[in-house]
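One structure below.
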Amino acid sequence: IEVEITDINDNAPSFSEEEIQLRMSEMTAPGSRFPLVEAHDPDSGRNSLQSYELSGDEHFSLALVLRAIDGGDPARTGTARIRVTVLDANDNAPVFSQAEYTVRVPEDVPVGSTLVTVTATDADEGLNGYVKYSMKKMLDMASDIFHLDSETGEITLLLSLDFEEGDSYELQVQAHDGGALFDTTKVMIVVTDVNDNAPEISVRSSISEISEDASSGTVVALLHVQDRDSGANGQVRCSLDGDVPFRLQSSHGSYYSVVTARELDREQVSEYNVTVRAADGGSPALQSSAVLALRVLDVNDNAPVFAQERYSARLAENNAAGALVLTVRATDADWGQNARVRYRLSEGRVRGAPLSSYVSVQAETGALYALRSFDYEEVRELELWVRAEDGGAPALSSNVSVRLLIVDENDNAPQVLYPPVAAASGAGWSGVELAPRSSEPGALVLTRWLVLAVGAVSCLFVGFLLLLLALRVRRWRREQLLAAESGALRGVPVSHFVGIDGVRAFLQSYSHEVSLTADSRKSQLRFSGGSCCDTLPARPPPDEPAPLLGEE
């Protein structure tokens, strides 16, 4: 007996794994085949596994859900989930966010500062999308001045920038992924100028001495001024400090000349420290200075000057020969040999003898010495001139008046004029003096010549008085007559009486001064004219001595 058991669709297809992991490269070509895990259905025949289906994704012919179907009725199914992992391929190179980076930084930016950050992205994943940065080797010093962080792309400053040494830098930066793909960008770092350089003054040529008679415009020094900054920061203005007799004169480009602006005077200022100051146009401005030391050479342009306008001294008579009378002193504002003063006497004569036989002056000190013993009864005063002369070429000199008064001393005994000395000794005097018998004790006996002298002087004095009185009366009468004539002749042209006016002026110009003394040597009579007119002046000029009568 054969028993055939007929299969029924009592088993659904099943997979050994509920989730199937499938890894494929993104570079897989369309139509590529990938084996999957088979499903198992214990049924047989038509009820066994008949087909597979994929569903859930438009990019695959097999969906993400794998379904196994048997042939029963109703059909049974079994499912398994397929996780497809797309493996990245290094098919994308890094790309910088900018084809060129430009950054402007001031030259005084601190060392260590981040100047710019470059950024590159890679569409790949994993190692293929990991970007690292590097800098291409440069021929200049850019690689020594800047540092590129390979991980972050930050460019930092390693050394201080100097606009005057380099105003721009160009860097080539590359971005590499995990594979062999890369991208390159250019980084322009522009350095902007900062007013960090003071003007520099260099003295190309100069003199240390100048004559005080140098003409205006004489060149003292040649300077070169420069500023390493640019623009307004490099524009320089030069000036001189203080009120000095010099000025700056622009030459070629940045060259300046220091020249004299006016005449120099060594006696006022003998040395100059000329400060040349240069300032740029920055804000705030930087400046520098240079000092020129200049000594003014002397020129003999000052004559010696005496300490007094005139000198006078008193010297007692009978002085010792060689006695010091006084000392004159003169100073010269010049310097050196030009200021060396020597003294000497001006030529003159005293009582017919040379002045140099009476006094002498010491050439170096100006001391005035008496060379002989003076006698008041012979010389009562000396008027002399002392000359001071400097040592310049040509020499300059000045004179001063010196008055020396001789002081009288009691060095002469009284002399009896009458009777003569011989009479007192009883030798040869035959004169007789008469005295009245009734003379009282103490009455004057030596008297005849004295009476005659007194009488003569008295008569002379009375005669002068009478003469003066007569002249006064005569003058008064002429004034009366002239007054009457002028009143009677009114209306007549003045030109007809020019002679009368001259006579009146002559008569009105008289004045008289009489001085009589017991010493006949000092008696004088002076006729002087008034200041009322200019006709027939009788008075001598003030600087001329009046004529003396009986002058010794």
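Cβ atoms are placed via backbone N, Cα and C, with glycine included.
All annotation found in TrEMBL is predicted automatically rather than curated by experts.
As recorded in TrEMBL, the features of this protein are as follows:
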type: DOMAIN; residues: 52-96; note: domain 'Cadherin'
type: DOMAIN; residues: 97-201; note: domain 'Cadherin'
type: DOMAIN; residues: 209-306; note: domain 'Cadherin'
type: DOMAIN; residues: 307-416; note: domain 'Cadherin'
type: REGION; residues: 532-552; note: region 'Disordered'
type: TRANSMEM; residues: 449-471; note: transmembrane segment
Intrachain neighbours beyond the domain 'Cadherin' (52-96), with Cβ under 8 angstroms and 6 or more residues off its ends: 8-9, 11-15, 17-27, 36-37, 39, 41, 43, 45-46, 118-126, 128-129, 131, 173, 175-185
The domain 'Cadherin' (52-96) [mean pLDDT, rounded to integer]: 82
Structural state census, the domain 'Cadherin' (307-416) (DSSP three-state): 7 helix, 48 strand, 55 coil
